[in-house]
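Here is the structure we will look at, set down as C-alpha cells.
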Amino acid sequence: MIYAEILAGGKGSRMGNVNMPKQFLPLNKRPIIIHTVEKFLLNDRFDKILIVSPKEWINHTKDILKKFIGQDDRLVVVEGGSDRNESIMSGIRYIEKEFGIQDNDVIITHDSVRPFLTHRIIDENIDAVLQYGAVDTVISAIDTIIASEDQEFISDIPVRDNMYQGQTPQSFRISKLVELYNKLSDEQKAVLTDACKICSLAGEKVKLVRGEVFNIKVTTPYDLKVANAILQERISQ
C-alpha cells in the first residue's frame, strides 16, 4: 500500500506571537494545512492519508478538515510524537495496528506547512521510493554554504555544486525505516532528527528527487508573507 503522512506536530514557536500552531494559520482565508492536504487528495495513488497532529489540536484538525474538505475515507488524524521522527513513527504504528505492514508498503512524509508541493514531486517520490526504498526531495544550493564548527569562524566552504537544500516529501519503505529506527539508541534518536539521515548513516542509498524553489516551508511571519504572494500570483493568472 502507498501511504501519505502529513506532519502537523509543530508548535510554531518561530512564527511569533500567535495563538495556534503555524499549520492552522490562514493562507488566503484557509488554513495552511488544508492547502497541503488537498495536494495529496488530488493524487489517487494513495490508499490512506495520515495527518499527524499534536494531541491538544486533534479535534481542531478534524473540525477544519470537515469544514474545508468534507468527508473522505482516505483521511485519518493521528496523534503525533515528541519530535519529528516520533511523529513519523506514530503514523507507522497506526498503520501497523490497523492494516499490518507488508514489505512493499511505502510512506510519503511531508511537512504540513509546505503547501506548494506539486503533483510531479509527489508522483516522482512515489515512483522513486517504490524502486529505491528511501527518497529525499531537494533543490540545488544557490548560495555558498559555509561550515563553522564553533559558530565563530569558517571551518569549511564545501563545493556548491555538490550541495543541496533539503525539502519534503521524504519517502521510505516502511519496513526498512522501522528496522533502522528501532536499532537507534535513545541518544541517537535525540540527535538524528532527519529520517533520511538515519537511512544514510546506516549505509542505505537515498534517492534524490528534484524539488521546487517555491516549495517553501512556512515557519516565520516573513515566510507567510511570501506564501500569500505566491498564492495571489497563482490566483491572478
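Just so it is clear, glycine is given a Cβ too, placed from its N, Cα and C backbone atoms.
Secondary structure at D83 (CTP binding site), as computed by DSSP, is coil. Residues or ranges marked as CTP binding site in Swiss-Prot (evidence: sequence analysis): L7, A8, G9, G10, G81, S82, D83, R84, N85, E86, S87, S112.
Positions annotated as site 'Transition state stabilizer' by Swiss-Prot: R14 (among others).
Among the features that Swiss-Prot reports, site 'Transition state stabilizer' is placed at K22 (among others), with the record citing sequence analysis. In the three-state DSSP assignment, the secondary structure recorded for K22 (site 'Transition state stabilizer') is helix.
In the three-state DSSP assignment, the secondary structure recorded for R160 (site 'Positions ribitol 5-phosphate for the nucleophilic attack') is helix. Annotation for R160 (site 'Positions ribitol 5-phosphate for the nucleophilic attack'): spatial neighbours A141, T144, I145, criterion Cβ-Cβ under 8 Å with sequence separation of six or more. Positions annotated as site 'Positions ribitol 5-phosphate for the nucleophilic attack' by Swiss-Prot, on the basis of sequence analysis: R160 (among others).
Under the heading site 'Positions ribitol 5-phosphate for the nucleophilic attack', Swiss-Prot lists K217 (among others). Take the CB of K217 (site 'Positions ribitol 5-phosphate for the nucleophilic attack') and look out to 10 A: across all protein chains shown you find 17 other CB atoms.
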Tell me the coarse DSSP state (helix, strand, coil) of L7 (CTP binding site). strand
Cβ proximity for S87 (CTP binding site), under 8 A, sequence spacing 6+, ordered by residue number, returns L7, G9, V52, G80, G81
Between the Cα atoms of K217 (site 'Positions ribitol 5-phosphate for the nucleophilic attack') and D83 (CTP binding site), what distance do you get, rounded to the nearest Å? 17
